[in-house]
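These come from TrEMBL:
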DOMAIN    1-90  domain 'CARD'
REPEAT    653-694  repeat 'WD'
REPEAT    742-783  repeat 'WD'
REPEAT    876-908  repeat 'WD'
REPEAT    1004-1046  repeat 'WD'
REPEAT    1047-1088  repeat 'WD'
REPEAT    1089-1130  repeat 'WD'
């Protein structure tokens, strides 16, 4: 290493050691070949990050100039710009030449940036087009100061992609405009699931370059992907360029409308009309000029352009300037340089001429070039090339898939594909290992018209079946991904209906595809191939689709859940359940643990009705005023109306030319208004499905929301849009133009709605405010600054929507992960509902007849909150993707929600869960109490006599006979809520804040704060142990009421306590993050168990009293030795899910099996564990969440619990 470089490293060594993360830098240095894997391993084994940094710098000082340059480039790539600047002046001379000056700006640094961003390499034969290139670069320089769009447009095969890649192959562009990197994404003609997969892989690529804390689960919907990409591009890669290659559809482009810098290639120059921001264009009108075409032929034939034969100019003219066609001919001439006249004649004669309508391109030239190129292939290779007809457009395929299709060795297939590539009949993506191969869409069009595709698709399926006759591939490599993704496509195209039924009606296939591809692709398959599947059995297709819809959010989790266990929660009549039970019984015989939900048939489905109205996301759904109809609209550009009782479709209208973003009924239900991304607002007659009015296009951007007035007094329609200024308008249906425009917002307005009396209209905007306008005058009355309520970060606050309470005195708005309630008169914030930081509030709606508020979330949930009590009342799970809209019916009895998962769900809001006693095996109700005057907070049962005790909020305990319900006793004495009650041999004990009361009326008083619970000591029944939020444990003589011991146990509140079965010890756990073991004779602390990182919520001794299990609020479970107080196991620390917790919430209860080999725990869900290994054996996901206690049978075969929305679960092990 040069002395200057060495001195620089030594000079700044301390600074580098303090800041760098070696693991990320070494990945780049290994790619550059300056350090090897053994050296990396020696550095990684150092105990701390700083030790690793010291070891890396010591290694560097022993290396050469290349290592210094590689280290510098790695710092630049990992955005250590300040550290890279320290090293820049001392870069060795070879770097100065390579890095600072180059004739075309293509330096090793640029090459590394483009390679890591997935930018395609130059084609083998490359012809520079400096005039076009400079025009593209000039437009890119305009993105240096602000985000925007550069569109490169032109006809098919005109070289747009090569031009885009070459434009960024320049050091000045990279360093001055896009130091954050360049990221290439090939789009093509994709449906939404495929587009989601593309963006998921881009997000993963971007997050991989950051620290491990940034890695999240993949986004599960396009909306979520858009938000994730927005965050990454604006916050983590603020000065980077995103290149979108081959865009066809404006709806695809909207996903990338995230205020970043974008270069796109397309055939349609008007695509960017649908997005916001600065826009620049470069037209590639006619492909290559004659001289450039000649240059390509000269490069292929290794001839000077002046030395080309006279036929060369005629060939270029016949190719109409297309680089693709010229390359095809050039590749042929490379091998047969004496055939100039022959290939010219083929092009001129147009032997394969076909009529193409409305084409901007002379396809005949391509056809002749393709036909000529195929003709020179050996006969057997011509047949193999025809097989490529089965590929989908824009799909890249590994050689191993074709190895199976052609029944050839992979090496032989690679040789054949190389021949196709060399003849420009095929393209190769060499960024991937293994290489991926693909056709230009013009080449694929040619093949499709030349060949019988059904026979070829049949061949694909038969070859797959022969190769994978036992099991499908599950490796997750490129070959496996292809088969899992496209096998159903090939079966459908081959018209192999029976094979398609067998595959898609199989729980095994669902499990494999969901694990490898995620549930979105599966859902799309059942929608796309629904007409074929319904011919066999529409009910079974519906059952599988419903299973995926209800469990999609679970199937996104990692580690991947057990699909058989999920399917055991399906109705007993479902084919999904039938297959799951058979598999569970088979696996249970081999030692696997499964539980069946015995009483599921007694639980009514919370979503009363599920409708699949559209193919594509549903953006809006609304009730009619009489509650009898539901209107829906979305990405499919249609408006549909259904009966709310049955889901029967009444009307379908092709409403707009682009996505329909909102629909609304008029107060008399005769009219429906719609608004769209096409900037139009329309009004329809519901009964006749007839268009009544199209308002003048006064909005210049997409119209986001529309709503009629609530009363019939004066019928008006409010709309809002993405316009910068004229973004809120009120329309009179008798006039073609707007009646009023509300001024005040200077950013897009997402939502507008009238106050209950129609005096005001509220608007919610990306400027972080809600504004209230007077309807009569259109004057601004009030502004509520919502963004001022979010002081924790400087990110922009987008207000999604607002809703009025029924009395019009409060207005509620949704922004980020919160719902805020404001007083309309004073603008004071009255209430705030905050959710998990991982979940965004999409929409909220206040019930017109009660204090309920419905909230829609990005994590697929719908929640009901009581605004008076500030309490969540219900969790409505079932949607597979982001919930876009919620709305109560006018009478408040029903709630509808619509989602990106293509479903609308109707929920009952009037269900009330009262106290009941159920038959243990069937779940049937034996006894149900009458509604009490005070809320029931705890219950306890006694077998002999058969009675139940009910503890209430007013401090009373009632003892009732079962099943008659006869009142046997009312126990008074408490003045506050009874939290726990328990029968003993002679009395009922119950607890409430600060005291305990026995059935005979004796009060044990002494705690200063709420008594958490109590336990009767088994070895001494007259003694009672109580524990409290005051951090103390007290021991009482129940007969005399005397306090025997007063133990200051913890600094924080005691959250649980358990006495060992042998009566020798008891354990306490606390909010101070510790658990303690105590001796029951000496009452002394034996061991303090430290290590939990959050409140320790629960504990349980094993039946042999040798182990103690503790669970905390982070979902972690620890197993301890009672004798030594030593930590034995941490249960599945690596099993963290996408939520904030390991267990979906606090660990609230724990139970050991009688042989102490198994442990069951409750939290957000129920988990079973192998005690010896600390590994999870099974997980049961309830409909609700926040499970408190679980009751376990003596033989550990039956488990009973209840969730936060009142659903009872009686689970039995499958045998």
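First residue shown is number 1, and so on along the chain.
Positions of Cβ are set from backbone N, Cα and C atoms, glycine also.
In terms of DSSP helix, strand and coil, the repeat 'WD' (742-783) has 0 helix, 23 strand, 19 coil. Within the repeat 'WD' (1047-1088), the DSSP-based counts of helix, strand and coil residues read 0 helix, 23 strand, 19 coil. Here the repeat 'WD' (1089-1130) has long-range neighbours at 1052, 1055-1062, 1064-1065, 1067-1071, 1073-1077, 1136, 1141-1152, 1154-1156, 1159, 1161, 1163-1164, 1169, 1171, 1173-1174, meaning same-chain residues at least 6 beyond its ends whose C-beta is under 8 angstroms from one of its own. Residue counts for the domain 'CARD' (1-90) under DSSP, split into helix (H, G, I), strand (E, B) and coil, are 68 helix, 0 strand, 22 coil. Beyond the ends of the repeat 'WD' (653-694), by six or more residues, the same chain brings 250-251, 254, 274, 619-626, 629, 631-641, 700-712, 715, 717, 719, 721, 731, 733, 736 to within a C-beta distance below 8 angstroms of the stretch.
Beyond the ends of the repeat 'WD' (742-783), by six or more residues, the same chain brings 276, 701, 704-711, 713-714, 716, 718-730, 796-804, 806-808, 811, 813-815, 822, 824, 827, 848 to within a C-beta distance below 8 angstroms of the stretch. Per-residue pLDDT, averaged along the repeat 'WD' (1089-1130), amounts to 95 for this model. Counting residues of the repeat 'WD' (1089-1130) by DSSP class, helix then strand then coil, yields 0 helix, 22 strand, 20 coil.
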